[in-house]
Each structure stands twice: as C-alpha cells, then as structure tokens.
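Here is the structure we will look at.
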Amino acid sequence: MTACSRKMKVERKRMIVTNRTHQTHPVHLSKDPRVRQHVSLFPINRHQVFFGCLAAVACGMLYAVYLSTYHDRKFWFSTRQELEREITFQAGSGLYYYYYKHMLAAPSFERGFYELTIDNKTVSGQTINAVERLFLYPELITSFIYRATDIQVMEPIYFYIGAVFGLQAVYVTALFVCSWVLSGTWVSGMLTVAWFVINRPDTTRVDHAIPLRDNWALPYFSCQVTALTGFLSNNISSATEMFCYLAMSATTFTFLLVWEHSHYVLFIQGLCLFLLDSFDLVPSRKMADIHKVYLSSLFLAYLFQFQNPALLSSPLLSLLIGSVLARYFQVVIKYLHYLISYIDFVTNFLLCQESFQTPGQDLFLRLTQASVLPFYFLVLSICLLSTLQTIYRRLSGQPIKTNLRLEDGQIGEQPEVVYHVFHTLFFGGLALLFDGLKFLWTPYVCMFTAFGVCSPELWMTVFKWLKLKSIHPVVLSLILSTAVPTIIGFSLWREYCPRVLAELSDLPEFYDPDTIELISWIKSQAPVAAVFAGSPQMLGKVKLCSGSAVTSLPLYSDINLLRRTEDNYQIYAMRSAEDIYKILTSQKTNYVIIEDSICNELSLNKGCRIKDLLDISNGHAVYDKGEIYSFSKHGRFCHEIKMNYSPYTNYFTRVFWNRSYHVYKVNSVISFQY
C-alpha cells in the first residue's frame with residue numbers, strides 16, 4: 001500500500017470521527033448566542049449573562065422605585081400624619097400592619113411573639129393565635145429585621161412598605177429570569193417586565209392594599225416557578241440542578257408559610273407536573289425530587305403554623321399521597337354541609353366578593369390593547385400543538401430527547417416549556433371563572449408570551465411544519481426572534497411610556513376626613529377597654545389605628561369569624577332594636593359603628609348588597625319579575641335608629657356622628673322611655 005493511499009485512509013477515518021462528534025455535539029449554526037443546544041441553563045456567552053443579570057436587577061429596582069413614587073404621589077404619603085397614612089391601607093389590610101406595630105412596641109421580640117400567640121385583645125371574648133390565624137410571619141420577620149438593624153433614620157411604616165415594594169422587585173426579576181431561561185435571550189425578560197408594568201391593574205394588587213398576604217407571597221411563588229423551570233430542563237449541569245432544587249425548596253416553604261391559600265395554588269401546579277409525569281415528559285427521578293420538596297415544605301409549614309389542620313386537609317397533600325378521589329369526596333361533603341348550613345348569608349356573601357366574580361370584558365380588552373393577548377394565543381397554540389405531538393410520540397414508545405438542536409423544530413420536547421403550557425391553561429381556566437385569580441394568571445401570560453416571540457425554537461417549530469425551503473428556516477427563525485420583539489418593544493415604548501410617566505405626575509389626592517375624625521374620636525373619647533362592632537373593613541381600621549378590641553375581623557377564611565360578621569351586619573337588616581341589642585351584648589359590644597355607605601348603598605347589582613343578602617337570609621325578601629322587594633314588621637335598623645325614638649333610645653345612645661358614620665353606645669342599663 002502506497003504512502004498516498006494510507007494518508008487518504010487516515011483522512012477518511014478522521015472525517016468519520018469528526019462527523020460522529022458533530023452528530024453527538026452539534027455545532028452552532030450561527031454566532032448568535034441564542035442558537036444553542038439545551039446543554040446549559042443560561043447562554044454560554046459570559047458578556048450576555050453579565051448584561052442580562054444587570055438588566056434583570058435594574059428592571060426590578062426601577063419597578064420598586066416606580067411603585068414607591070406612585071404610592072407617595074397617590075396618597076400624598078410623605079406629607080401625611082401617622083393616622084392618615086394608616087388609613088390608606090384599604091380593604092381591611094391595615095389589620096396586618098397593626099401587628100407589625102405591636103411587635104415594635106413590645107419590650108422584646110420574644111415577648112411580642114408570645115403575646116400574639118395568646119391574643120385576647122383583638123376579638124372580644126376570644127383568645128386567638130394571631131400568628132396562625134392571620135399568617136403573620138411577614139410582620140414577624142420585618143419587625144425582627146427592623147429591631148436588629150436599629151434603623152432610626154427610617155420610620156417603621158416606610159420600612160414596612162419598602163419591604164413589600166422590595167419583594168415586588170424580586171417578583172418582576174424572577175419573571176425576567178424565567179422568560180430568559182426559556183428563550184435563551186434576556187430580551188424576552190425586558191419584554192416581560194414591560195408587559196407586566198403596562199398591565200399592572202391585572203397583574204398585582206399592591207396598588208390597592210399593600211399588606212395583603214398575596215403581595216408578600218406571590219414574589220416567592222414567582223421565584224419557585226423560575227427555579228422549577230430550570231430544574232425541569234433536560235440538559236443542565238449537576239451544580240445548576242442542585243441550585244435550582246435548593247431554591248425551589250426554600251421558596252416553596254416560604255410560600256406556604258405566608259399565605260393561607262398557597263397550598264391550593266401549589267395543588268394546581270402539582271396537577272401540571274402530574275400531567276408531565278403521566279405522559280413521560282420528565283424523568284421520574286426529577287418528579288421524585290419535586291415530591292420531596294412538596295412533602296418537606298408541607299411538613300415544615302405545618303410545624304411553623306402551630307399544626308394548622310388546613311395543611312393536613314390540603315388537596316396538594318392528597319395529590320402527593322395518591323388519595324385524590326377520596327379527599328375530593330370528603331371536601332365535597334364538607335362544603336355541601338357548609339353550603340346547606342350557611343347558604344342564606346355566608347355563602348352568598350363570599351360569592352358576592354369581587355374576587356369571586358367572573359372577570360369583565362375590560363380585562364381582555366386591556367390585554368389586547370397592550371398586544372399581549374393576541375401573541376399569547378399564537379405562542380400557546382404553537383406550543384400546545386407541539387406538546388400534543390410530543391405526547392403522541394411518547395405514547396408510541398419514543399424516548400425523551402435530551403440533546404435538541406435548533407433545526408429539529410420541536411419546542412414541545414422541552415419539559416420546562418410543556419409545564420408552562422399546562423400552567424397557563426389551568427390558571428387561565430380558573431381566571432375565566434374568578435376575577436381574583438387573574439393575578440395568578442396574567443403575570444405568567446406576560447412571561448410566557450415574551451418567551452415565545454423571542455424564542456428561535458418556537459419559530460423553527462412553525463417552519464418545520466410548513467416545510468419551508470425557499471429561505472433557510474434557521475436564518476429566518478433568528479430574524480423573526482429578533483425583529484418581532486423589537487417591533488413590539490418599540491410600539492409599547494411609543495404608546496405606553498408617556499402614560500406610565502403621566503401616572504406619576506397627574507394623581508388625585510386621597511383624603512378621608514370623616515374616617516380620620518371617627519378614629520380621632522375613638523382614640524380620645526372611647527375607653528381603652530371598649531369593644532367595637534361594625535363592618536369587618538371598618539373594624540380593621542379601628543384595630544389598626546386605636547388598638548381597641550373588635551367583634552370581628554376582615555378575614556374570610558375562618559368560619560367562626562364569618563358567623564360573627566353575619567351577626568354584626570344585622571345592624572343593616574330589618575330587625576327590632578331588642579334583637580340587635582341581644583346580638584351585640586352577646587359579643588360584649590360597647591359601641592356600634594353604622595356606615596351610611598352600607599345603609600344607603602345604591603348598587604346596580606342589587607342581589608349582592610349587604611342589606612339584600614340579609615333580607616334574603618332573614619326571610620324578608622320577595623322576588624317578583626327579577627326584582628327584590630323587602631317586607632318586615634320592623635324597619636331597617638340602621639335607618640330607624642337615626643330617628644332617635646323609643647324603643648331604640650332605650651337600648652342605644654348616640655355619642656358621635658358625621659356625614660359618613662354614626663356611633664352608638666350600647667346601654668349597659670336599659671332605660672324605658674316613651
């Protein structure tokens with residue numbers, strides 16, 4: 001054999017080895033860092049990682065500064081006195097801030113914590129564990145940090161709201177990173193944040209009531225979803241997988257600890273993961289690790305929440321132990337009994353809350369005007385169809401593909417993408433039924449849509465279906481994944497940037513002089529040990545600003561408090577003075593607050609007015625041709641007591657009134673005057 005022929009054979013073998021190497025580890029077809037295999041969680045380009053992290057942190061910080069500025073301009077917060085600032089906490093959320101103040105006023109953190117666990121100064125005649133009942137760990141942690149750091153230059157209320165705004169910064173940063181992980185480009189993160197801010201009325205409630213539990217909890221859920229997204233990726237390093245696992249564990253536990261409804265949210269997430277496991281879209285090893293996260297988090301939350309029985313009856317736990325059907329029937333039986341027992345008022349009262357109403361068309365109109373909804377349906381349709389193809393391949397016996405190339409055009413083979421398809425479908429279905437659940441859906445619509453339009457894999461999947469040959473599909477997918485988000489971003493900047501900035505300069509003044517006058521009277525004239533009755537929202541303000549004991553709380557997850565709420569609302573029913581007196585004295589009430597806004601409520605939705613719910617419950621309502629008519633031998637108590645005649649003056653004495661409120665003292669000795 002000649003030297004020339006031997007040389008040719010060596011070259012041929014080298015070419016074969018090279019080709020096999022390329023088949024196992026395909027090279028990039030472009031220098032664009034988004035054209036990659038799914039071999040790592042983040043793009044390899046270190047410069048892109050640096051600028052992406054910088055952009056993520058900058059977006060979060062700017063959003064927090066924007067919220068702080070907007071809040072100050074909306075309520076004129078920096079120019080208000082302490083009482084006026086506290087009244088801005090709406091929807092009864094100020095009750096949580098009261099406990100934060102209590103912890104700071106306590107002689108020590110340990111003493112304050114102990115007093116909250118045996119709280120007998122909040123609900124009259126009851127001793128409650130406020131930490132367990134109200135999920136007060138955010139206030140405990142915030143007060144501990146404030147005490148430990150000894151920040152004298154910052155007022156406690158600014159530190160409190162600053163902590164909430166800081167968590168909102170974490171919220172948008174986590175969404176940014178999640179979209180970046182899915183698409184491979186941090187441009188999608190920028191688009192996610194832009195859509196999130198533009199649709200802020202439908203993505204967060206932090207503008208409405210800062211101390212609400214979901215404003216503390218949802219940032220942790222966002223971090224958990226981001227960690228889960230990275231963990232589900234098929235091709236990540238062991239170190240990255242461990243980091244995602246630990247982050248997922250910590251955020252799942254924290255999420256369960258700070259919100260009473262968190263285990264229901266995780267149950268929906270568990271159903272999404274159950275589908276992935278059922279169709280063999282994710283390795284069994286990872287599903288076992290996720291189950292460990294759920295179980296350990298539930299166990300720790302159960303301990304930290306003083307053996308809260310709600311966690312033991314959680315549907316998430318039922319899903320994990322494989323007894324979903326049995327638990328489902330138990331829950332159904334339990335709630336059927338609950339509905340039968342309280343369908344006249346409590347159930348109707350809950351169903352009439354804004355969160356349980358179906359969303360109006362304006363929600364979808366706003367999302368469409370911001371261009372997020374049309375692109376969402378496009379991205380969802382492509383990903384869902386590709387997912388169905390992947391499920392068919394699994395059912396046909398084809399194994400999981402771990403080394404995907406861009407030219408494969410199979411975005412449904414990525415388990416992290418499939419999870420988000422199920423995530424948006426499940427939460428979207430719930431959001432169509434209950435308006436309050438849109439805050440669990442809309443942020444991920446923004447994130448998922450931004451990922452889709454910026455993902456070359458998504459466009460490549462479409463071109464693979466179309467069998468495009470005139471133009472190289474890889475090149476065209478790269479062009480579209482850059483051009484489409486650029487056009488969207490430019491249009492959003494031109495249309496919405498002036499509007500967002502205008503929100504900071506043109507804000508109406510928030511001022512409630514009648515409430516301030518009422519609270520000032522309570523603090524100066526009412527005895528320290530006095531007990532007040534009224535609507536839950538008003539009692540929340542009374543507790544926050546004066547510290548007085550109340551007969552009920554704005555907490556709708558506790559059946560005992562809901563029964564008390566029904567009794568308190570009887571002051572707006574057609575009941576006799578003697579009946580109301582017996583109800584109030586049974587709760588050791590000293591003063592009752594009557595609100596004209598409830599007594600004279602003129603709502604188009606008549607069936608959901610408090611007085612209508614009471615009339616139906618008490619058997620005083622008659623339906624005729626769709627209209628509700630109320631009849632009783634007694635007049636409506638809140639109207640009749642203002643007439644100042646017997647027998648109302650025998651039981652009650654008016655001690656304060658203004659344009660909005662009337663306060664009556666419950667007489668300890670009945671005087672019969674005619």
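Positions of Cβ are set from backbone N, Cα and C atoms, glycine also.
TrEMBL lists 49-70 (among others) with the feature transmembrane segment.
For 157-174 (among others), the entry in TrEMBL reads transmembrane segment.
Residues or ranges marked as transmembrane segment by TrEMBL: 180-198 (among others).
The annotation transmembrane segment is assigned in TrEMBL to 242-259 (among others). Sequence-distant contacts of the transmembrane segment (242-259), counting only residues of its own chain at least 6 positions beyond either end whose CB sits under 8 Å from a CB of the stretch, comprise 41, 135, 137-138, 213-214, 216-217, 220-221, 223-224, 226-228, 230-231, 236, 265-266, 289-290, 293-294, 296-298, 300-301, 304-305, 311.
If you look up TrEMBL, you'll see 265-282 (among others) marked as transmembrane segment.
Residues or ranges marked as transmembrane segment by TrEMBL: 312-329 (among others).
Taken from TrEMBL, the feature transmembrane segment applies to 376-396 (among others). Remote same-chain partners of the transmembrane segment (376-396), defined as residues 6 or more beyond its termini with a Cβ less than 8 Å from a stretch Cβ, comprise 279-281, 367, 410-413, 417-418, 420-421, 424-425, 445, 448-449, 451-453, 458, 461-462.
Under 8 Å from some Cβ of the transmembrane segment (417-434) lie the Cβ atoms of residues 182, 225, 228-229, 232, 268-269, 271-273, 275-276, 281, 355-359, 376, 380, 383-384, 387, 390, 411, 440-442, 444-445, 448, 451, all in the same chain and six or more residues away from its ends. Residues annotated as transmembrane segment in TrEMBL: 417-434 (among others).
Per TrEMBL, transmembrane segment is recorded for 440-462 (among others).
Summarising the annotation, TrEMBL assigns transmembrane segment to 474-493 (among others).
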Of the listed stretches 49-70, 157-174, 180-198, 265-282, 440-462, which one has the most C-beta pairs under 8 A with the transmembrane segment (474-493)?
440-462
Selected stretch (most C-beta pairs under 8 A with the transmembrane segment (49-70)) from 157-174, 180-198, 265-282, 440-462:
157-174
Selection from 157-174, 180-198, 265-282, the stretch that has most Cβ pairs under 8 A to the transmembrane segment (440-462):
180-198
Could you give the residue numbers and ranges of same-chain residues that sit at least 6 residues beyond the transmembrane segment (157-174) on either side and whose C-beta is under 8 angstroms from one of its C-beta atoms?
56-57, 59-61, 63-64, 67-68, 71, 82, 85-86, 97, 100, 138, 142, 145-146, 151, 192-193, 196-197, 204, 206, 210-211, 215-216, 218-219, 222-223, 225-226, 443
Grab the same-chain neighbours of the transmembrane segment (180-198) for me: Cβ-Cβ under 8 Å, and only residues 6 or more beyond its ends, written as numbers and ranges.
33-34, 36, 41-43, 48, 51-52, 55-56, 59, 63, 66, 172, 226, 229-230, 233, 370, 372, 416-417, 420, 443, 446-456, 481-482, 485, 488-489, 492-493, 496, 500
